[in-house]
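A.B. asks: There's a structure below that I have some questions on.
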Amino acid sequence: MTIKPLIILPDPVLRQVSTPVETIDADIRRLADDMLETMYDAPGIGLAAIQIGVPKRLLVLDVTKEGEEKQPLVFINPKVVRSSEERSVYEEGCLSIPDYYAEVERPAAITVEYVDREGKEQAVEAEGLLATCLQHEIDHLNGVLFIDYISKLKRDMVIRRFTKAAKTRGAKAI
């Protein structure tokens, strides 16, 4: 397993819409393993493949509490098929937007259909942190960032801050 470098805002790669995974093979399973290692190293609780520059519909999560045994989850081609009308607000952060957090309102409960790392079709009903994290990571697969849910003024300030930091690093900007 390999820790991969993270794509950081304002890199335009983060706005790409990811393509479906066609075949679940050793390469996809290795990618999932690399993503989990990268996520744990960061440390984070979720990571979409696009965040390491791979535009595939693949994400990994682990929302276990610190001190509990790890429960890594792999979602291939995930799709939200049901969302509750009830909403919840969580303070979200993102490994691609380091050290910035904002409250985001999303459906409180969702049902997601996906394919697991063995190629089996699955469905999960999620609420709480798992629902929020799944929605956040699925957004990444669609080129959407959590800052898209905050006011334009705040979003523009965040993008300016990260664009300025990217220029000092010599990185690409949106």
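Every residue, even glycine, has its Cβ placed from backbone N, Cα and C.
Annotations per Swiss-Prot:
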ACT_SITE  Glu137  active site
BINDING   Cys94, His136, His140  Fe cation binding site
A.B. asks: In sequence order, which same-chain residues at least six apart have a C-beta under 8 angstroms from Cys94 (Fe cation binding site)?
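C.D. replies: Cys94 (Fe cation binding site) has long-range Cβ partners Tyr100, His136, Leu145, Phe146.
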A.B. asks: Taking the recorded Fe cation site as Cys94, His136, His140, identify the other residues of that chain whose CB atom sits within 8 Å of the mean position of the site's CB atoms, giving them in sequence order.
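C.D. replies: Once Cys94, His136, His140 are set aside, the remaining close residues are Gly46, Ala48, Gln51, Glu92, Leu95, Ser96, Glu137, Asp139, Leu145, Phe146.
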A.B. asks: What count of other C-beta atoms do you get within 10 angstroms of the C-beta of His136 (Fe cation binding site), across all chains shown?
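C.D. replies: Its Cβ has 24 other Cβ atoms within 10 Å.
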